[in-house]
Amino acid sequence: MREPAFWRRPSSLLSRLLIPVGALYGAIAARRLSRTGLRAGVPVICVGNYHLGGAGKTPTVLALAGILRSLGETPVVISRGYGGRLRGPVRVDPDRHAAADVGDEPLMMARTLPVIVSRQRAAGVAPARALGASVILMDDGFQNPTLARDISLIVIDGDRGLGNRRIFPAGPLRAPLPPQLARTDALVIVGPGSAADDIAASIEARGGPVLRARVVPDEASVAALRGRRVLAFAGIGDPSRFFRGLRACGVDVAAERAFADHHPFSQRDVAALQSAAEKDGLTLVTTEKDLARLRNNENIAAFAQAVAPFAVTLAFDDETALRSFLMDGIAKVRRLD
């Protein structure tokens, strides 16, 4: 879904009118938060956020997986597979599955680490452990009560923050903020900005670490676009962040096309993008997540060959602190189990 503009405006009349509905939704969500889920038998690290929409969870999961591997762990991801038709549990195979089967984010992650898609997250534990998981990375699911979380890392965009801080549908929050804060073990703030400073202060007051991170563009992706004028398009939680990132790298973005998160690109979309690019001699560029959806759609796979990917990774300002936090947290879980 595309984020409504009023989610960022506390003064919006429509947002205020929806507050009673949000209160009901929030009461149900808060009750779900208090439930205890299945114990996995191995440490479960949840990477989530307080609100609907994108904040950088997938790059965070990939970065954590790399760190965990360097610590000698075997991480396996469990994802709901948003946007996919398969309920699972099923191991994602990039050579066999399409985004329509398992979702674009699991498909992208499965190119570098084992990913289990399971609509019921607890059902994904057995296949994850069968793959040798010593640690489970739960992609999203902070508000889902079916699988017990041992360590919860919340990701927030430093510039966008939490919008108007009202509960869905009056705002982007998935549940009331206080019970979410109380269940947060660490906060990851992606990018510059002060929109989450008060949240950071609250987490620090509870003794949790606040980890700053930044999106780092792949040098080869940037080099391939130098000297070219591009038409950038994206169907992610915050397309504007993608466009800003391109410009920050010196890429000449002549045109932008923003789509809703997880947008299923159609032949009509592809034709319009091709026409616009050809008209002005522009190179098409998109995110790795969007390209995963394009490549695995047999009707438009040929179009994907002409699109340049813009790959990014997440780098933590203090990776040593993160490594210590993960090692201590995992060791504590194992002592208790």
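Any Cβ shown, glycine's included, is placed from N, Cα and C.
Reduced to three states, the DSSP call for ALA55 (ATP binding site) is coil. Counting only residues at least six positions away in the same chain, the Cβ atoms of ASN49, VAL155, ILE156, ASP157, ARG160, VAL190, GLY237, ASP238 sit under 8 Å from the Cβ of ALA55 (ATP binding site). Sequence annotations record features per position, and here Swiss-Prot assigns ATP binding site to HIS51, LEU52, GLY53, GLY54, ALA55, GLY56, LYS57, THR58.
Taking Cβ-Cβ distances under 8 Å and a sequence gap of 6 or more within the same chain, the neighbours of THR58 (ATP binding site) are GLU105, MET108, MET109, ASP139, LYS289. Most buried of the binding-site residues GLY53, GLY54, GLY56, judged by other Cβ atoms within 10 Å, is GLY56.
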